[in-house]
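Following: one structure in structure tokens, then a few remarks.
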Amino acid sequence: MDFLTKHLDCLSNWQLNLQPGWQTVGASALLAAGSLFVVSRALVFVRVLLSLFVLPGKPLRSFGPKGSWAVVTGASDGLGKEFALQLARADFNILLVSRTASKLDTLSNEITTKFPSVQTKTLAMDFARNQDSDYEKLKELVDELDVSVLVNNVGKSHSIPTPFALTPEDEMTDIVTINCLGTLRATQLVVPGMMQRKRGLVLTMGSFGGLLPTPLLATYSGSKAFLQQWSTSLGSELEPYGITVELVQAYLITSAMSKIRRTSATIPDPRSFVKSVLTKIGRNGGSPTYAYSSSPYWSHGLMAWFLTCVTGTMGKIVVSQNKGMHESIRKRALRKAEREKGKKST
């Protein structure tokens, strides 16, 4: 107690001995620092709003002339299919790359029917197999085309949220092989031509799972975090060549991967989401602190801003809340599986 009293007396004496002028200077400095912090945060938010709702992105035509090609991986369903359709509408020829040949043929016919002036090519390859022969075929196709746009959409997630210790090895391997290695290998085949032509656009589908550590989707979350770092690094490397690289940060979208069918303010359908991506190229949207990245869909952008600029993404509270949400999803998925199993047994 005497120790505390002694030091409080010293503090009191220091305060009393501090000259009034210095007190004013100190208070002014604190006020200025606080005001600067508040103003900077406000300006960031204004920038986010302008990026999401007002300012246009780069025109797609700036990446290549009419009749140049767009390569879309994971093209047969969902986002990939919608990217292909909207790029075809913008007069790009389309190289469709995905696993199922019949789905690719169906989409190819749909594109040429809707847009008669657009050419299509298809390549059926399973990115999970990581076969050199498939990438050799892709290289042969790419080398003979003027590829202006690459959409790295191919991806895989867990069948349901699962603790890492219980994740099947084949599922874990497929996620890393498809999301990471497949994206890298496809990009490495396309980029040299873009560098030679001094133009191009490389879009890679990211995820909030790459921003937020996601318990029970640990491997998927890690793969998307890898893509975030890789794409940002690639963006800096290719910018001097006139190539725009952008990782698209997305929350939930109605798709086969998300297993969500109903849209809402925070869960758009593929058409709305892809439109926001293609009309906001070069704008960060809700991700002002991430170079060469964007959260272009308005509600996703506001969520990304709040997470990255207000709450932070790596804190224990945020991670715990994310864990709780996915534990709940897992419980519902397991109950649904049990009900379906019961129906089959009867």
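Cβ from N, Cα, C; glycine included.
Residues or ranges marked as transmembrane segment by Swiss-Prot: 26-46. With a threshold of 8 Å between CB atoms, the same-chain residues lying at least 6 positions outside the transmembrane segment (26-46) that come near it are 288, 305, 309.
Cβ neighbours within 10 Å of I253 (NADP(+) binding site), excluding its own Cβ and spanning all shown chains: 24. For V71, D126, D134, N153, Y220, K224, I253, S255, the entry in Swiss-Prot reads NADP(+) binding site.
Annotation comment: Swiss-Prot describes Y220 as active site, proton donor, evidence class similarity to another entry. Residue environment of Y220 (NADP(+) binding site) contains 25 other Cβ atoms, counted within 10 Å of its Cβ in all protein chains. DSSP gives Y220 (NADP(+) binding site) a helix state.
What Swiss-Prot lists as active site, lowers pKa of active site Tyr is K224, and the listing cites similarity to another entry. Cβ contacts within 10 Å of K224 (NADP(+) binding site), excluding its own Cβ and spanning all protein chains shown: 28.
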Span of V71, D126, D134, N153, Y220, K224, I253, S255 around NADP(+) - largest C-alpha separation, Å: 29
Three-class DSSP secondary structure - D134 (NADP(+) binding site): helix
Number of other Cβ atoms within 10 Å of the Cβ of D134 (NADP(+) binding site) across all protein chains: 18
Neighbour-count leader, CB within 10 A, binding-site residues: N153, S255: N153
Binding-site residues: V71, D126 - member with fewest neighbouring CB atoms within 10 Å: D126
